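See structure below.
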Amino acid sequence: SMASPALLMRVVASAYSVAERAATIVRNVMSAGDLGIVEKAGPNDLQTKADRLVQMSICASLARKFPKVTIIGEEELPTHDVTEDLIEDGHCEEILKKPCPAQYTGIKEEELVIWVDPLDGTKEYTEGLLDHVTVLIGIAYGGKAIAGVINQPYYNYEAGPNAVLGRTIWGVLGIGAFGFQLTEAPAGKHIVITTRSHSNALVNECITALNPDAVIRVGGAGNKVVQLIEGKASAYVFASPGCKKWDTCAPEAILHAVGGKITDIRGNPFQYNKEVKHMNSAGVLATLRNYDYYASRIPNTVKESLVP
């Protein structure tokens, strides 16, 4: 008889289905028309009904199946009873069929930390820039991002009324990443992708120093990493605090699973153990290829301005 799948693969398989349920909630809130927007720290830091419902759905669904896993979500929410219609019990069979990498077969529930961004790109969601929006579920072990799920609820939304909306990308270190076509950015072109709504002098100084051929300004960390793995951009550069662990955990796992690299602006890896502070204070530098080229061109003045 087949041994039952390793815990890690069960968590990823469940996170896949949980993310698909989340995408349905995101689309339903938008089509119902009442986004229930609240400002958190200011006009660029918003929370909607979708952020709240999705986080409750993801956290409650995963906690029910994996009660000893630590789950950290972006939103401060009461942990009151979550209605049954928000609970997703399914899993992706395809993922369970893949063998778990040897170094992860002995993981116990209490050793995992799941970082959840229920709606990455909330501001863009409220403005109708729907292709910027992602749902992020990142899985960490030993302080490292080792697996992740990125759902794009509105993938394909400009392809007409009969298009199938949404897709789910997933990856595990040592297995690879799936659900998209891995593509490298055009050789010799330096296309930098950066923030759309959180720009400042330092962010721009850093980009100018890289002398890029083009700069793409979009919302969402998940969206930016997807652009890297699909070859639309060659480097994701954000020389500012603002990004949090739940923004980077899932994208990091997927990027690393296909041989890319993500660090802060100073070149330090991110830590994802449950005690870690949530803010990525020293910004983000990520590439699918040629990390060293970009890292070597970040000005020291920029590095010195950002304290990890």
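Note: Cβ is positioned from N, Cα and C throughout, glycine not excepted.
Database features, via TrEMBL:
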BINDING   Glu74, Asp117, Leu119, Asp120, Asp247  Mg(2+) binding site
Below 8 Å Cβ to Cβ and six or more residues apart, same chain only. Which residues does that give for Asp117 (Mg(2+) binding site)? Gly73, Glu74, Thr134, Val135, Leu136, Ala221, Gly222, Lys244, Trp246, Asp247, Ala250
Counting across all protein chains present, how many other Cβ atoms fall within 10 Å of the Cβ of Asp120 (Mg(2+) binding site)? 27
Would you list the other residues of this chain near Mg(2+) - those whose C-beta lies within 8 angstroms of the C-beta centroid of Glu74, Asp117, Leu119, Asp120, Asp247 - in sequence order? Asp51, Val116, Pro118, Gly121, Thr122, Thr134, Val135, Leu136, Gly220, Ala221, Gly222, Lys244, Trp246
Return the residue, from the listed binding-site residues Glu74, Asp247, with the maximum count of other C-beta atoms within 10 angstroms of its C-beta. Asp247
Nonlocal residues around Leu119 (Mg(2+) binding site), in sequence order (Cβ under 8 Å, 6 or more apart): Val26, Thr48, Ala50, Asp51, Val54, Tyr125, Val133, Val135
